[in-house]
Amino acid sequence: MLKILIPTIMLIPSAILIHHKLLFMTMTSYSMLMTTMSLQWLHTPMMLNNMFSNQYLFIDQISAPLIILSYWLLPMMIMASQNHLKMEPKPRKQGFLMNIATLQTLLVMTLSANNMTLFYILFEATLIPTMIIITRWGSQPKRLTAGTYFMYYTLLGSLPLLIAILFLNNQKNNSNFLMLTLLKPNMHNQLTNNILWLACMMAFLVKMPLYGVHLWLPKAHVEAPIAGSMMLAAVLLKLGGYGIIRMTPMNTLTPLICPTIAMAMWGIIMTGLTCLRKTDLKALIAYSSVGHMGLVISATLIQTPWSTSGAMILMVAHGLTSSMLFCLANMLYERTNTRMLITMRGMQKAMPLMTTYWLIANLTNLALPPTINLIGEIQIMTTLFNWSPLTIMMSTMGTVITAIYSLQMFMTSQQGHLTKDSKEVYPTQTRELLIMILHALPILLLTLNSELIH
C-alpha cells in the first residue's frame, strides 16, 4: 500500500520542483506509472477478503476497483487540463497540479481507511481541493455560487455522521469498520435506531446524490473545469456509494430504507425527464449522473451480495462513461466556446473521428449489451425486483428515458448542418484521442472480464 501511497504524496512537492517546461509531461508520466502499479490490486488474491491490513489502512474487493479508477483518471485529468491552462502563468499551473495531486492522495486514503473517525476526516478533507479547483479554475462567474452550494450541502449532510461516529465509538470503544460490523450497536428503541441510521446515511446520500438533495451537483459540474468535472463524476460521487456499503452492515434494518429507495427510484425517472429538456450539455450529463446513482443507492441499501456486486460494477462503469462524456463536452466547449446543444450541431462533418467516441460514450451510457453498464444495471434490477416487484416499473421507465436522451444528445450535437461559427473548428488533437482511447479501453476490457470488479 505504502509503495503507491508515498509516491502519490510526493507528487505534491513535485508540482513545484519540476521545471515548468517539463511540468505536464513529467506529471503525466509519473501518474501513469502509479496507475500501472495500482493495477496489481485487481489480481492479488484477497486473503480473508482484505489485504495490506494494518491499524489505519486496508484494501478489499470494495475499495480496490474505486482506488484503481481514481489512479486511472489522474493522468487523464492532467492531459485534459493542458489546453485551458496553457495561457496561465507558471505559479497557477503548479497550484492546479498541486491541488489535483492533493485530491488524489486524500481520495486514496479515504477509500482505504480502516477506522471510521479517520474515514470521516479524510472524507471531509477531499472537499477542500475540490472546492479550490471549482472556485479558482472554473470558467464562469457563477462558480462561486456553485462552490457555496457544494460546500454547504456536503457539510450540513456530514455533521450528523460525525455525531453518529462519536456515539458508536463511545458505545463500543472502537471505530474499526470490520469490528463494528461484527459488534452491531445495540439500540434500545426503534427511534434511536432510525435517527442513528439517518445520521450515518445522510452524508453519503447527499454526496451520491439522492434526488431531492442533488441541487449542488449540476451547479458544481457546470462551473468546474474539466479536471474537476472528471474527478467529481468518476470518483467523488462514488465515495457516497462506498460509504453506504461500509456503513449499512453496522445498523439493523429500519423502516426508513423503503422511502429512501422509493425516492431514489423516483429520481431516476425525474432526472431522465429533466435531461430530455436540458439545453446545456454539461448540465445534461450531470443530471444523467444523478439518475444512474439512484440505481446505485437502491442497490447498496438492499444489502444482498448480488446488489452490492451490481452497485460496484455500475459505479466503475459510470465513472468511466461520465468522465468520457465530460471530456467530449469539454472538447466541443474549447472549440465553440458554448455549452448550448443547439449551437453544436453538425460536428460529425468537422470532427468525424470524435463522432465515433461520442457514439461509444452514448451507447455505454444507455447500457447497450454487452457493456459493463448493462451487467451492473441488470444485476441491480433483478435484486430490486426480488425485493419488491413494483420497482421494475420505475427502473425500466428510467432505462427507456436514459436511452432516449442519450441518443438525442448524440444526434443534436453530431448531426445536422454546421453553424457558420463552427466552420473554423480545428480537428482532433493526438492528446485528445489518447484520452478517449484510455476511457474506451477499460470499458471494453472490463466488458470481456467483468469478474475483476465483482
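Even glycines carry a Cβ here, placed using N, Cα and C.
Because TrEMBL annotations are produced automatically, they should be read as predictions rather than curated entries.
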Correct range for transmembrane segment (source TrEMBL, candidates 392-412, 434-454): 392-412
Top Cβ-contact partner of the transmembrane segment (312-333) among 55-74, 95-113, 150-168, 224-245, 257-276 (pairs under 8 Å): 224-245
Same-chain residues at least 6 beyond the ends of the transmembrane segment (21-43) whose Cβ lies under 8 Å from its Cβ atoms: 3-4, 7-8, 11, 14-15, 59, 64-65, 67-68, 71-72, 74-75, 78-79, 82, 93-94, 97, 101, 104, 452-453
